[in-house]
Amino acid sequence: MQATEANFDGLVGPTHNYAGLSFGNVASQNNEKSVANPKAAAKQGLRKMKQLADLGFHQGVLPPQERPSMRLLRELGFSGDDATVIARVARDAPELLAAASSASAMWTANAATVSPSADTNDGRVHFTPANLCSKLHRAIEHESTRRTLRTMFNDTDRFVVHEALPGTPALGDEGAANHTRFCEEYGARGVEFFVYGRSEYRRGPEPKRFPARQSFEASRAVAHRHGLADEATVYAQQNPDVIDAGVFHNDVIAVGNRNTLFCHQFAFVEPNAVYDELRAKLSGLKAAFNVIEVPDAQVSVADAVSSYLFNSQLLTRPDGKQVLVVPQECRENPRVAAYLDDLTSRTGPIDDVLVFDLRESMKNGGGPACLRLRVVLDDAERAAVTPGVWIDDTLFGRLDAWIEKHYRDRLAPADLTDPHLLAESRTALDELTQILGLGSLYDFQR
């Protein structure tokens with residue numbers, strides 16, 4: 001059946017800030033305590049969505065989560081009215097207020113792992129929200145993610161939204177940031193590719209400096225849950241040395257689309273074996289496989305991490321050609337810029353490069369790929385999605401005006417103690433659910 005890939009980008013929330021919460025994420029740590037601009041962050045992300053929609057891509061939006069999370073703070077023993085709780089946490093445990101206020105749900109590549117209906121044993125699209133149990137500020141996301149996905153993809157004849165895996169390090173799951181899918185055509189059966197950093201029960205190399213967040217056991221559990229066939233599933237271990245260099249998810253060192261894998265030379269343990277298995281399993285589906293492996297001599301791992309070359313979107317345009325969507329930092333790094341010029345000058349799967357200003361997200365370690373969740377949908381499935389979430393001229397205008405009305409243009413870490421920020425955020429989110437047609441999505445609306 002004819003199908004296409006839709007991208008659902010996370011709308012940056014009103015509490016976007018730089019608290020340095022993500023150990024192993026170099027940009028997050030380097031920009032700790034900087035002053036953020038939530039309004040600019042949200043508009044940068046929205047402009048990317050609009051430009052891609054204008055180019056003919058199916059582009060949706062996922063709403064922010066409620067922050068600060070008063071549920072978390074109350075579960076951690078703080079009581080009183082909301083203002084009292086915020087004041088107490090700010091005084092006694094400011095690091096918990098920072099975690100409860102994080103806008104990290106904007107990076108929807110970590111929202112869930114998605115398998116299209118062509119791959120699953122029951123012919124439905126499967127979603128497993130990621131437990132994100134390696135970081136407190138992200139481990140609180142999956143319940144809201146599940147509620148949002150079940151609201152947007154509510155036709156249970158076509159969609160299955162599972163619970164997150166149990167939140168233990170043995171099943172640490174970071175979602176689609178460590179998953180991609182290869183196929184000849186989106187609607188055809190494909191090979192799903194799961195990348196992990198460590199195994200709880202198998203011996204193997206592990207990073208020494210920064211933690212590996214994705215376990216093999218989690219990847220395998222998601223594949224089993226989604227009803228994927230063994231002959232169309234590949235597991236690969238991420239190179240622990242690149243994790244120690246700041247590659248905290250596989251989408252910082254590799255990106256795939258249809259029958260093309262674009263990756264760094266040092267992305268994987270035993271890369272040739274990985275490529276061979278992908279090629280063999282795709283061949284069994286009568287699909288080709290292309291690898292564009294970037295040599296370390298041309299783009300070092302450090303350059304890849306600082307520019308986010310691989311945290312890009314690789315998209316198939318309506319004319320069948322592929323385009324790479326990169327952050328502007330790629331043009332500001334002379335070695336990466338030279339590589340991209342060479343890439344598009346030669347004959348190959350990637351014909352063009354689109355550059356976006358995503359500076360506010362990038363300073364927290366999130367490029368174009370982090371901001372989007374890929375969902376392959378056929379025509380009937382796409383028609384079953386809540387209609388108000390698709391980006392077009394009208395929705396863009398309404399969201400742009402909504403951001404202008406509700407978002408601050410300056411947010412320092414000290415501003416998280418302001419009880420008015422919670423009220424501002426709730427007012428904004430209440431209006432947003434009406435714009436998107438999502439009903440009473442948030443706890444404060446129920």
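In case you wondered, yes, glycine gets a Cβ from its N, Cα and C as well.
Per Swiss-Prot, the features are:
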- E174: active site (ACT_SITE)
- H249: active site (ACT_SITE)
- C370: active site, nucleophile (ACT_SITE)
- 19-28, N110, 137-138, R213, D251, N364: substrate binding site (BINDING)
Rounded Cα distance, in Å, between A19 (substrate binding site) and the residue listed as 'active site, nucleophile' is 18
Between the C-alpha atoms of N110 (substrate binding site) and H249 (active site), the distance in angstrom, to the nearest integer, is 9
Students should find that the Cα atoms of H249 (active site) and C370 (active site, nucleophile) sit apart, in Å rounded to an integer, by 10
For L21 (substrate binding site) and E174 (active site), the CA-to-CA distance in whole Å is 16
N110 (substrate binding site), DSSP three-state class -> helix
Rounded to a whole number of Å, the separation of the Cα atoms of D251 (substrate binding site) and C370 (active site, nucleophile) comes to 8
